[in-house]
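Pulled from Swiss-Prot:
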type    : residues                       : note
DOMAIN  : 6-71                           : domain 'J'
ZN_FING : 141-223                        : zinc finger
REPEAT  : 154-161                        : repeat 'CXXCXGXG motif'
BINDING : CYS154, CYS157, CYS211, CYS214 : Zn(2+) 1 binding site
REPEAT  : 171-178                        : repeat 'CXXCXGXG motif'
BINDING : CYS171, CYS174, CYS197, CYS200 : Zn(2+) 2 binding site
REPEAT  : 197-204                        : repeat 'CXXCXGXG motif'
REPEAT  : 211-218                        : repeat 'CXXCXGXG motif'
Amino acid sequence: MAEKRDYYEVLGVSKNATDDELKKAYRKKAIQYHPDKNPGDKEAEEHFKEVAEAYDVLSDPEKRSRYDQFGHAGLGGAAGGGFSGGGMSMEDIFSRFGDLFGGFGGFGGFSDMGGSSRRRVRRGSDLRVRVKLSLADISKGVEKKVKVKKQVVCSKCRGDGTEEANGKTTCQTCHGTGVVTRVSNTFLGAMQTQSTCPTCHGEGEIITKPCSKCKGEGVEIGEEVISFHIPAGVAEGMQMSVNGKGNAAPRGGVNGDLIVVIAEEPDPNLIRNGNDLIYNLLISVPLAIKGGSVEVPTIDGRAKIRIEAGTQPGKMLRLRNKGLPSVNGYGTGDQLVNVNVYIPESIDAKDEQAIAAMENSDSFKPTDAARKDIDKKYREMLD
């Protein structure tokens with residue numbers, strides 16, 4: 001599957017599907033492509049991983065929100081929580097979602113799969129960073145680097161949690177499977193359920209000689225410089241994830257994600273309104289009367305615009321496609337130029353004479369039509 005499909009399409013649900021609808025859709029698809037039902041079928045196995053990846057994202061409110069905002073780009077190019085490049089291992093999928101299959105249809109989803117057991121795979125916690133972006137960054141997308149303090153794999157035990165090679169023993173409660181199985185008789189017949197082993201907490205092993213540096217946790221505090229790409233069109237408060245760059249998990253689990261929260265830096269000239277940009281242009285009285293050309297700043301430089309003779313304060317000019325791109329790639333906003341006329345608070349004697357001459361000119365006397373036009377615009381603004 002060279003190109004990722006839409007996750008809602010993968011599960012066959014609408015974009016406003018409820019949690020129950022997602023769970024039912026995932027269960028149906030996963031059973032359809034389950035390896036026990038399709039032994040040796042690589043295509044079915046890939047579909048099985050794909051539906052697990054889709055459910056992992058859409059069943060998590062935060063990941064789903066990022067996916068709805070950014071698409072696959074908001075998940076660091078892959079699904080969150082361990083779906084890296086082509087998906088989780090089969091063992092990871094069964095560990096995370098296997099409880100959805102318990103006692104259903106004759107197979108619980110936990111067959112050996114070539115010798116693997118359903119040991120619990122822990123996940124490291126997510127990290128959050130706030131990244132400030134200029135409008136120029138937002139207009140084109142940008143590469144960023146952040147230095148974070150986080151949990152990393154223990155440098156002494158390499159994440160194993162033991163002081164020496166033979167520092168673990170197989171859990172005697174679950175015999176290394178990480179789960180305990182219970183069989184109960186119901187009117188439908190014998191039902192088998194599985195739950196996490198209470199002794200080893202799903203790991204299948206007990207540490208007898210913990211690492212002296214990490215005390216058996218398999219992690220320590222370290223630093224990492226993380227690089228990531230922020231797509232064009234993001235907005236204040238939006239979030240995206242960098243897959244697997246959060247805290248390391250205890251004893252060889254799945255890393256958490258780095259959650260990047262977008263913060264917009266104020267621009268000295270432009271004001272953002274959705275994907276449109278607004279520039280407040282202040283022109284002189286003579287320019288408003290005579291008309292002429294002026295330059296205005298844009299997101300990528302400057303643009304020359306024409307001021308028509310008799311331009312009124314509040315007139316809005318539009319520069320097509322000079323705004324910001326949509327984060328989902330659907331079109332580009334415009335730049336709006338809000339024209340205002342500068343009225344000086346004081347003038348010198350020479351200017352007073354010029355103003356006095358204009359007062360007697362019919363050209364400078366307000367007309368009833370002009371007043372009605374202002375009245376119409378004001379009423380439209382109030383509606």
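Heads up, residue numbers simply count up from 1 along the chain you see.
Heads up, the Cβ atoms here are built off N, Cα and C, so glycines get one too.
It should be emphasised that the depicted structure is a prediction, and the values quoted were computed from it without experimental measurement.
Where Swiss-Prot records a feature, it is marked here on the structure.
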{"residue": "CYS154", "record": "Zn(2+) 1 binding site", "DSSP (3 states)": "coil"}
{"residue": "CYS171", "record": "Zn(2+) 2 binding site", "DSSP (3 states)": "coil"}
{"residue": "CYS197", "record": "Zn(2+) 2 binding site", "DSSP (3 states)": "coil"}
{"residue": "CYS211", "record": "Zn(2+) 1 binding site", "DSSP (3 states)": "coil"}
Return the member of CYS154, CYS211, CYS214 nearest to CYS171 (Zn(2+) 2 binding site) in space, with distance defined Cα to Cα and candidates limited to these binding-site residues.
CYS211
Who sits close to CYS211 (Zn(2+) 1 binding site): which same-chain residues at least 6 apart have their Cβ under 8 Å from its Cβ?
CYS154, LYS156, CYS157, ASP160, GLY161, THR162, GLU163, GLY167, GLU217, GLY218
Identify, in sequence order, the residues in the chain of CYS214 (Zn(2+) 1 binding site) that are 6 or more apart from it along the sequence and have a CB within less than 8 Å of its CB; answer 'none' if there are none.
CYS154, LYS156, CYS157, GLY161, GLU220
Residues within 8 Å of the CYS154, CYS157, CYS211, CYS214 Cβ centre (excluding the Zn(2+) 1 site residues themselves):
SER155, LYS156, ARG158, GLY159, ASP160, GLY161, THR162, PRO210, SER212, LYS213, LYS215, GLY216, GLU217, GLY218, VAL219, GLU220
Which residues in the same chain, at least 6 apart in sequence, have a Cβ under 8 Å from the Cβ of CYS200 (Zn(2+) 2 binding site)?
CYS171, THR173, CYS174, GLY178, ILE206
Given the recorded Zn(2+) 2 site (CYS171, CYS174, CYS197, CYS200), which additional residues of the same chain have their Cβ within 8 Å of the Cβ centre, ordered by sequence?
GLN172, THR173, HIS175, GLY176, THR177, GLY178, VAL179, VAL180, PRO198, THR199, HIS201, GLY202, GLU203, GLY204, GLU205, ILE206
Close in space, distant in sequence - CYS197 (Zn(2+) 2 binding site), Cβ under 8 Å, 6 or more apart:
CYS171, THR173, CYS174, THR177, GLY178, VAL179, VAL180, GLY204
With every protein chain in view, how many other Cβ atoms are within 10 Å of the Cβ of CYS157 (Zn(2+) 1 binding site)?
24
Confidence summary for the repeat 'CXXCXGXG motif' (171-178), mean pLDDT rounded:
91
